[in-house]
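Now, the feature entries from Swiss-Prot:
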BINDING   Tyr36, Cys56, Cys59, His60  heme binding site
SIGNAL    1-35  signal peptide
TRANSMEM  286-306  transmembrane segment
Amino acid sequence: MQTRKTLSWIKEEITRSISVSLMIYIITGAYISNAYPIFAQQGYENPREATGRIVCANCHLANKPVGIEVPQAVLPDTVFEAVVRIPYDMQLKQVLANGKKGALNVGAVLILPEGFELAPPDRISPEMKEKIGNLSFQSYRPAKKNILVIGPVPGQKYSEITFPILSPDPAAKKDTHFLKYPIYVGGNRGRGQIYPDGSKSNNTVYNATAAGIVSKIIRKEKGGYEITITDAPEGRQVIDSIPPGPELLVSEGESIKLDQPLTSNPNVGGFGQGDAEIVLQDPLRVQGLLFFLASVILAQIFLVLKKKQFEKVQLSEMNF
């Protein structure tokens, strides 16, 4: 009897532990998966400004390359791949929010023409699903299905991101046409330097807010520094707070100027944007082109046969 009660108690404890762990995973997982898109989604109605600049560059200040590969042309109602490449040195480590070093994450925003959208799961081939992996894409806005975002995701695994895209059918969507369309992409690796509210992250350089002498440097218990700058003529003191992460470049007694860097710049990531073009091809135009090419080939064949027949007639007349 006692053994049965003990086993029952152990079973309840295990069930409770699993439930708590699952809740923590869901909460933290949701936060991580929404961290990159929510920054832009909360602050901007459209991720691409009128100047062509993608708004992610407002927080990720360093300029880095990004690449995109799409088919030259696609037929209506067809699933195709848009491959975004975010290259960087896999050996690099970035400063995390707690000041420690860790691996870089990546994220991307893909701005498609109106009518193009994320392909439904039942339209994606097994080969394409294998390329996509465990990535979960989402629309920038419920009404903007042509703008897709992803991230942050581990950069070492997803420096190349495959988006499954469904092309529109002008026969069903009257506002789409058989034309050449632009596609815009933005991709970042690593954390940003500025938060959406304008405040600095710990992944950037910190400058002196006043000129004077560094009279005191206090190392905080949780990391970072408090630097006291004393203005010699007036004796006014200014305290600059440095979060954990950046390395200190100044020492006590040193004379510094306004806006002089107090720390190194720990940022190893950056943001880049690019574009590509894709043609929504009319199937009738393709069929017409094939018919034209076939007719040209047949005409050439008949011309050769006619020429040989004429040569035979000439040869027979000469022999006669």
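Cβ atoms here come from the backbone N, Cα and C positions, even for glycine.
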Let me make sure I understand the structure: which of the binding-site residues listed (Cys56, Cys59) has the fewest other Cβ atoms within 10 A of its Cβ?
Cys59
Nonlocal residues around His60 (heme binding site), in sequence order (Cβ under 8 Å, 6 or more apart):
Asn188, Gly190, Gly192, Gln193, Gly269, Gly270, Phe271
